[in-house]
């Protein structure tokens, strides 16, 4: 630019004007030189900061335990509830007053599941703006208040709003946030840690029915919901205290377009995985919702129905941890195929012919052990298909897609009411066929990823991504 000024001075016939402009131009050149120097200094500073961050990252050692187990214990306590016992209770309470009471009550769980999956992106945005503990506290309030207010319900639609929408929203805020924090503390043992967290609901299902059944008998549904609400409040407040990020979270608001990216559906394997996840989840909730009422139809006691849910939930707790161990060894897709297949076969070959308490208990144990593979493997399978960069969007999309499967109990209830077959026969067939169909979809995914029969898809790398969510 300095060279151009000199040229302009020679060509200008009016020398006085050129002399007046020259000091201004020189000042401009000087300012530009200072600006260039400042820009160079800023670039050097940026490079130094990046180098320092890389050095800190290299020196950063993931504890792989230690205080991480305290965080896991807090996450483990996050949600404890069981809906199956209340389904049976309300069927008996409103069965004579409300037509199609089974179908209408099943929509309570439908709303709960929809909001538990739909609010995942909202949880990520809230966490980026206000931090982890704020989101956990808001989720705790939604869970506790939703259940406590449900105790005052006098109509089925009251349960839609409280246990369905409020409780479901709280569950989503808690679960998505915990799944982003816990892996920060683990590397080699992350599958075990995530398995323990996801299995917390199984222990809740083991304990809560034994609390709910005697309260139902003596005090009624109102106090049952209130007691469970306060139990959840206590456990979730402990979660808010114990769970924190390993490193301070940088506050920067995420846009919804950064969380939900439709472009992930361009990946063929991801589309297959979404289909397989959705189909297998169509049958998951039906036994948990309707086994207690099935026991009542057989003439068994409500305590025996509660025992089935408790045993199945305890087996589900163990099964999710085992699923994580086996997935690291034999591949995430392979183990999901095995667990889904066993879920379908056990339903068709055992529940279909179960008219005694002993056979129902055997079915509940086996089904509970293998049916929770989706919850243990949804993150590793999604990561394996999409890779590190697209994983957050992919996980959110899978959780949103499987909302479709929440209508499984509703569809089964409608079929059972109109089929004219033996009561509960449609529930048995629908559950078994859904899992068998999901097995074939997962086999399609397996051979689409790798045609070798015994090739495995590892679950590595999840620790890096979940820290960034």
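Including glycine, each Cβ sits where the backbone N, Cα and C put it.
Fair warning: this is a prediction, and the values are worked out from it, not measured in the lab.
Among the ranges 44-64, 191-211, the stretch that TrEMBL annotates as transmembrane segment is 191-211. Range 105-123 is the one annotated as transmembrane segment, of 105-123, 447-465 (source: TrEMBL). Of the given residue ranges 223-243, 244-264, TrEMBL assigns the label transmembrane segment to 223-243. Sequence-distant contacts of the transmembrane segment (335-354) (same chain, six or more residues past either end, CB-CB distance under 8 Å): 280, 283, 287, 319, 323, 326-327, 360, 362-363, 366-367, 370-371, 373-374, 377, 381, 425, 428-429, 431-436, 438-439, 442-443, 446.
Contact between the transmembrane segment (395-412) and the transmembrane segment (223-243) is not supported: fewer than 3 Cβ pairs lie under 8 Å, counting only residues 6 or more apart in sequence.
Against the transmembrane segment (160-182), the recorded stretches 223-243, 270-291, 303-323, 424-445 differ in Cβ pairs under 8 Å, and the greatest number is found for 223-243. Long-range contacts of the transmembrane segment (135-154) within its own chain (CB-CB distance under 8 A, at least 6 residues past either end) are made by residues 79, 81, 123, 126-127, 162-163, 165-167, 169-174, 177-178, 221-226, 228-230, 232-233, 236-237, 239-240, 243.
Looking at the domain 'Major facilitator superfamily (MFS) profile' (67-449) alone, the prediction's average pLDDT is 83. Residues 179, 191, 194-195, 198-199, 202, 270, 273, 277, 280-281, 284, 287, 291, 294-295, 307-309, 311-316, 318-324, 327, 332-333, 335-336, 338-340, 342-343, 346-347, 350-351, 354, 391, 394-395, 398-399, 402, 457, 459, 461-462, 465-466 of the same chain, all 6+ positions outside the transmembrane segment (360-383), place their C-beta atoms under 8 angstroms from a C-beta of that stretch.
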